[in-house]
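A.B. asks: Take this structure first; my questions come after.
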Amino acid sequence: ADGVYGSTFFVATGFHGLHVIMGSTFLAVCLIRQILHHFTSQHHFGFEAAAWYWHFVDVVWLFLYISIYWWGS
């Protein structure tokens, strides 16, 4: 990554990868809580937060894809 484009690419994809790892951990915790019957129809905020988090990661990925692959070429 000698240039600005390479540095930006690695930093952006690195941060995105970190968020994906955090989201995967979040989903694993939700799975464990589901297996242990911690969620009810009234108490499921953790699962809902995980869904919102993944939507956030999806939107950020779309922005990264457009900015790196479309504008970068």
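For all residues, glycine too, the Cβ spot is worked out from N, Cα and C.
Per TrEMBL, domain 'Heme-copper oxidase subunit III family profile' is recorded for 1-73. Sequence annotations record features per position, and here TrEMBL assigns transmembrane segment to 6-32, 52-72.
Please situate the listed features within the shown structure.
C.D. replies: Secondary structure of the domain 'Heme-copper oxidase subunit III family profile' (1-73) per DSSP, as helix, strand and coil residue counts: 58 helix, 0 strand, 15 coil.
Below 8 angstroms of C-beta separation, residues 46-47, 49-50, 53-54, 57, 60-61, 64, 67-68, 72 of the same chain, each at least six residues beyond the ends of the transmembrane segment (6-32), sit close to that stretch.
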